[in-house]
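TrEMBL annotations:
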- C:Cys53, C:Cys56, C:His57: heme c 1 binding site (BINDING)
- C:Cys201, C:Cys204, C:His205: heme c 2 binding site (BINDING)
- C:Cys338, C:Cys341, C:His342: heme c 3 binding site (BINDING)
- C:39-143: domain 'Cytochrome c' (DOMAIN)
- C:186-295: domain 'Cytochrome c' (DOMAIN)
- C:325-418: domain 'Cytochrome c' (DOMAIN)
- C:1-31: signal peptide (SIGNAL)
- C:445-468: transmembrane segment (TRANSMEM)
Amino acid sequence: MAIPEFSTTGDVSADVVVVGSGVVGGMIANELASAGHSVVILEAGLRLKRAQYVENWRNMSFHNRLHSDFQGLYPQSPLAQAPLYFPPNDYVGLSGPNGSAFKQGYLRTVGGTTWHWAASCWRHLPVDFEMKSRYGVGRDWAISYNDLEPYYCRAEEEMGVSGPHDVSLQSPSERSRPYPRDMIPFGYGDRRVAEIVNPHGFHLVPIPQGRSVEPFGDRPACCGNNNCQPICPIGAMYNGIQHIDRAEARGAVTIAEAVVYRIDTDENNRVTAVHWYDAERRSHKASGRTFVLACNGIETPRLLLLAANARNPNGIANSSDQVGRNMMDHSGVHASFQASEPLWFGRGPAQSSCIVGPRDGDFRSRYSANKMILNNISQVAPATEQALKLGLVGTELDDEIRRRAACGVDLSISLEPLPDPDNRLTLSKTRKDPLGLACPDIHYDVGDYVRNGLDAVNTQVRQIAGLLGGTELRITTDYNANNHIMGGTIMGTDPRDSVVDGNCRSHDHGNLWLPGGGAMPSASVVNTTLSMAALGLRAADSIKADFEKGRV
Amino acid sequence: MNRHSDVDGAEPASHSGMRRRSLMMGTVVAGFSVVLGDFGLSEHAACAATVDDGAFLSVSRAVTGHADLDPIIARRLFAAMRATFPEYRDRIGRLFDLVAQGGSPKEILARSGDLKGDLLALIAAWYTGSVEDRTNAPMVAYDDALMYRPTRDGLPVPTYCFGRPGWWAEPPPPLGIPVRASLPAMPPAPVPQGIESRTPPQTTPLGTIAPQSPPHSPLHSPLPHREL
Amino acid sequence: MRRWSGKGLGLAGRVGLAAVALLLSRAVVHAQSVDANEPIAERGRYLAVAADCAACHTAPGGGKPFAGGYGIASPLGAIYSTNITPSRDFGIGTYSEAQFGRALREGIRGDGAHLYPAMPYTSYTKLTDADVHALYVYFMTDVKPVEAPARRTVLPFPYNIRATMAVWNALFLDDRRFEPESGKSVAVNRGHYLAYALAHCDTCHTPRNVMMAEMGGRALGGASLSSWYAPNITSDPKSGLGGWSDDDLARYLKTGDVPGKAQAGGPMAEAVEHSLQYLNDDDIRAIVAYIKQVPAIADAADKAPRDTYGKPSDREAAYRGLDARALVRGERLFTGECAACHRPTGTGSPDGYYPQLFHNTAVGAARPDNLISTILMGVRREVGGHTVYMPGFGSGSYVDSLSDQDIADISTYVEQQFGNPAVRVSAEEVTLIRTGGPKPLIARLGAFAVPGMIAGVLMLAGAALLVLRRVGKKP
């Protein structure tokens, strides 16, 4: 078991230095530690226990819970801020026509943002890798679906994904291995809606999920307590912390509250070290042979820009000037209505089924695809707010809460933005974090491709609500963020217009990998985590190959 | 390796620098309604409820229509309301007089006059467990919040288990009440968005597109349970 | 960890047992009144399940049935189970029935070497000749030979000298067949036979003396098993199971779960999973009949039955919304780590899958061993094709890895709220359980006395005799 070496002053040296301890950093650390390499993981945020998050959530005010304050329960290191919205801390400065659509909720904490995800483990479609070739919009990836497919399988196995063994329910169905576990069983609402809408061309499928209804190894079974977001109280849902734990059992060392701010490069532009501030603002150095930045789609480009040095005056890995550009997220809308019969959403895990009919089609040359998640988060809190606003009391109040909770439907709809270099993360000239490091600014415009896609969404939603006897149908008119941050370190074959290659290795620095959402050149409409994990595992393989071939 | 063994910074022994820091971090945490100064948590106070606590509990029982309200929560909620709203004791005093004439919550509401706002706010506090519906408003109840009672038979209180893994595939309970009630126009429903907002901008109610064929055939119902 | 019997069973073993279960559904077995038409091998298969041979002789995680190699944790070191398939080179393929019977009943291998009493031959010695025959036929005809050696057992000196076991056997092996007691019902006698000769309940539930032999005077009176504690299962109404209904006891044996009362964890969960759930109802009833009349052994420390302590908690009403620092540590940990499944009230889930904490035998016991072990290691029990699983909170936990102090604080809180308020748990107790539980004298002696014990086998035996007599003279 190889272990990083620490100096008396707290500097460290290891074969592999990983910055960021989320799902991608954790998986890579685990892969490389398993291969016998010494690994140090630097994480800007705190390391706390699940139980504390659980209790913080239960202790939150009704209003915060009602409006999904998924950030506030995660205590932040005073030196490593992340976005907060209750009230807003304006850590990320937003501008542009749809700046408000980029209010991301990511965590800077050991284990990363999958602490409060809902464990949707989607694959991109094969065609999503060839948007330019097939539909004449966006960009092609530097790799094909087939190149990534084995890594999708591995990522699903690492995360213990339950997905449909029935091929007709798979999206996509191009698979070399079955899901590790069959689909999480549908609740009544999923079955009922499928029965009603599918004959009309909608294709409702189970969401592949990083949880299971029987124990997965030592991971407990999901008990459907409906709190995946913002914290699974019982460890039944995959969280990135699981790979941090595994990596540590194999010798990796995690340093929490380590804010990386500088990157050293040598005459060949290979990275030689990164520097971090500890909780007492003392600076330390982590030297290594290879480096991985997996800090999330906003923090990785921010760090690359912050770390500009004499040889790389526009920022690390940024000879193309593409670092921080092409920022994407599945900008989305919510549709809500009351069905004409009880569907009882809120039983079981918080996400269960999804309409994927409009995921693909020739229309994608003109406007965005979409997917519609049948939100399975308990409707009791919104039902209560509405019933109270009506001024009801006594049994009428109770009945209305029950009625609205049982019949309420919330669709979470994702659209697909195209990579646009003008959707750009830059360093703020005015706002600094407590360490004096520039905060990120982001300019965002969802673009006409998404706007036109929303017209199709409106029609489809009205059809679905009609099928379900819906009343009070409303659709949000501002786009909301979905925390699927992509594009800021975009992948491509040409070093002049992209940041990383098909292995997520930076074009500029032979021993620097930037895996994760930032590398993704197309957004598709599905949650990014599985693709990020697959890219991470692929990067880990290329790092291992470099070690094996003596290239580092 | 490199783990905090404690739940948070408040450790009895071993006050390392890190733990002291963690302790201070409590002040950095945003989004909490928790408070150090408890709303009447003292164990002794629990044993000797004052007349005011008793009055608050009586009023609460009358306006919610629930006779089994928890006296501990009542005491804590009363303290939290007093700390939030000026002259709250007087308001409860007036509500006390209002409910003294008896009647159902609906009847009390009907004669509440200018006390209507206070009455509804008190009911809302019991239902939501928080003193009011605003960011970081003090809260005293989660699992015990009355809003979870009407669906106890069908929905978990999130974070707390409901049954064995996979229970949700079983048929839900019958609704037991009409699926539609004649009620005033409905305000927009809040949607989960993760941003501070009363309710994000939404369209006015949209017309739905009626299906060309009946939405479903009774023959294909996958479950025995059905109610329309 | 399990001492001297039982362990997690691999998939292959489970498949095998599932097959057995199918057969058992129509095979009502009476060892002493053999149905002449019943195939002998099939009866042997049932007996092998009842005796839980696979628990030790089939390695967990997909080991081939009865191929051995499973390391049984003993206080003296790992004792590896042997290959008991009919392989002629690596198993017992060359054994005559007499040799088979000697191994089973006297702990002597075909080559004359002694087995360690990890093999419960002190129990199997009570087997009837007919049952030994059935087992022999089963192993020789129905079990597939596995042509691979099992890992060898290497214990530290002096325990590596197997001949010492001859002395031990002379002192402690009561080499007699089971004989029905006159004056007891057929069911009680049948249950006695099942409980001792086959299920070997005594192996865990009867305390042992300094030489690791069962103390006959305290039969089934409760004993420490590494990290777990096998409780008093005599008929005493407070210390034992005297207050249990027959139905509850039968349900417990068959499923490991009596909602609102008791759940099997650790080695007992394994016994239910691998053996007891496959016994037919008549045999379960017989064991119950026997257990219910085992002479009571009372412990003055037990003020009330284990399943009568505690009540639902209303504490959440008092602490919800407070800063964590306003809560006592055990309460803060309990609400964050435990209440999601057991609920703040401690009532568990209404369907009983997540157990109720009050009126719970593990929580109400005078010793916290099983509460601590459950928190540390969790519970896993596969019954009827479904897995009941509670994750542990030890190192590498999927929920949270808790420190010894954390677990001590939770345990003390749980005892105060839901269990025996006389029980308080220290971090040191958790440390002890985490590291394998209390060590018997013989294991502690090994570490210190070995260098001095160069006189070898005879001297050891002499010393043992001396120790025993002194102990015996104490009132």
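The backbone N, Cα and C atoms fix where each Cβ goes, and this holds for glycine too.
A map of TrEMBL features onto the structure.
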residue: C:Cys53; record: heme c 1 binding site; DSSP class: helix
residue: C:Cys201; record: heme c 2 binding site; DSSP class: helix
residue: C:Cys338; record: heme c 3 binding site; DSSP class: helix
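If you take the CA of C:Cys53 (heme c 1 binding site) and look 10 A around it, you hit none of the binding-site residues from C:Cys204, C:Cys338, C:Cys341, C:His342. Per Cα geometry, C:Cys56 is the residue among the binding-site residues C:Cys56, C:His57, C:Cys338, C:Cys341 nearest to C:His205 (heme c 2 binding site).
C:His57 (heme c 1 binding site) is surrounded by 26 other CB atoms, counting those within 10 A of its CB over all protein chains shown.
Chain A comes close to C:Cys341, taken from the binding-site residues C:Cys53, C:Cys204, C:Cys341 by a C-beta to C-beta distance under 8 angstroms. Mapped onto DSSP classes, the domain 'Cytochrome c' (C:39-143) shows 43 helix, 10 strand, 52 coil. Across the domain 'Cytochrome c' (C:186-295), DSSP assigns 54 helix, 12 strand, 44 coil. Assigned with DSSP, the residues of the domain 'Cytochrome c' (C:325-418) fall into helix, strand and coil as follows: 44 helix, 10 strand, 40 coil. Taking each of the binding-site residues C:Cys53, C:Cys338, C:Cys341 in turn and counting other Cβ atoms within 10 Å of its Cβ gives the largest count for C:Cys53. In sequence order, the binding-site residues from C:Cys56, C:His205, C:Cys338, C:Cys341 that place a Cβ under 8 angstroms from a chain B Cβ are C:Cys341. Model confidence over the domain 'Cytochrome c' (C:39-143) is summarised by a mean pLDDT of 92. C:His57 (heme c 1 binding site) and C:His342 (heme c 3 binding site) have their C-alpha atoms 36 Å apart, to the nearest angstrom. C:Cys56 (heme c 1 binding site) sits 33 Å from C:Cys338 (heme c 3 binding site), taking the C-alpha atoms as the reference points.
Listed in sequence order, the residues C:Asp52, C:Ala54, C:Ala55, C:Thr58, C:Phe66, C:Gly68, C:Tyr70, C:Ser81, C:Ile84 complete the 8 Å Cβ shell around the heme c 1 site centroid, once C:Cys53, C:Cys56, C:His57 themselves are left out.
Recorded residues C:Cys201 (heme c 2 binding site) and C:Cys338 (heme c 3 binding site) have their alpha carbons 31 Å apart, per Cα-Cα distance. C:His342 (heme c 3 binding site) is surrounded by 25 other CB atoms, counting those within 10 A of its CB over all protein chains shown. Cβ atoms within 8 Å of the centroid of the Cβ atoms of C:Cys201, C:Cys204, C:His205 (the heme c 2 site) belong to the same-chain residues C:His200, C:Asp202, C:Thr203, C:Thr206, C:Leu220, C:Ala223, C:Ala230, C:Ile233, site residues excluded.
Taking CA atoms as the reference points, C:Cys204 (heme c 2 binding site) and C:His342 (heme c 3 binding site) are 29 Å apart.
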